């Protein structure tokens, strides 16, 4: 009798019924946004990053399409963690999938206070944004320093009861930073974020983004993200959420084979639509059945056997 392959999986202390969700940054904190992910076929919702104080973000324009992807610099616009936590409390109450908060701080004390408040709001986990490519004094600048990563992760993980996930960007010190994050108490990793990029309008003769420099996301960074996941998993066997250019089931399967247990969809959620999540889930299930695997877990890290 035909039995569908099992897609549910445990990752970073969470149990996901479907191993695909949205990446932080493309949606906010409200219940209606989590419903977009649920109705689109996703298995978890990641909220937009919040900061200690409210931020207006960078001047417009924030987004610019490029071949296969998007260059963006929103500037972490958000109402501050206190206001966001109120919205997330309502989202948690209404959602039937895990809700993951995302925070971007400065001093360790800020990270701890934000994370503690969001834990009280009922979120399932907290993702530490240590990789925003255009957040001066934090983000990628912080995430490239393994000692600084360990300091922030340790401060937060030692305070919370819920899982802490470190989101790291690509750098020459990624494997070291990932190892330090795990040693400091991170239950899982998100790899990677968008990559520093710029687009210039040749007729206006100036950068197209209000902030001039932004982050490139979408298909162009997918091979880089696959390499990042492969290298980090090879060294750490960590629980990994993979992000970077996922728009098809094949992209997702690449990440699973490299070592990821779940994938986050960003640019394609915007360019294709929320239904891309269901398309990926169904494609992955079909792939497992055709290839003779009983579960998603069976292919996690399989490429390392080659």
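Glycine too: its Cβ is placed from the backbone N, Cα and C atoms.
Among the candidates 24, 96, 116, 151, the residue that Swiss-Prot annotates alongside 48, 49, 129, 167, 192, 218, 244, 245 as binding FMN is 24.
Here the candidates are the binding-site residues 48, 73, 75, 194. The one whose C-alpha lies nearest to that of residue 245 (FMN binding site) is 194. When the binding-site residues 73, 129, 194 are compared by Cα distance to residue 49 (FMN binding site), the shortest distance belongs to 129. Looking at residue 218 (FMN binding site) and residue 48 (substrate binding site), their Cα atoms lie 17 Å from each other. Candidate binding-site residues: 48, 73, 75, 129, 194. Nearest to residue 167 (FMN binding site) by Cα distance: 129. When the binding-site residues 48, 73, 129, 194 are screened for a C-alpha within 10 angstroms of the C-alpha of residue 24 (FMN binding site), the residues that qualify, in sequence order, are 48, 129.
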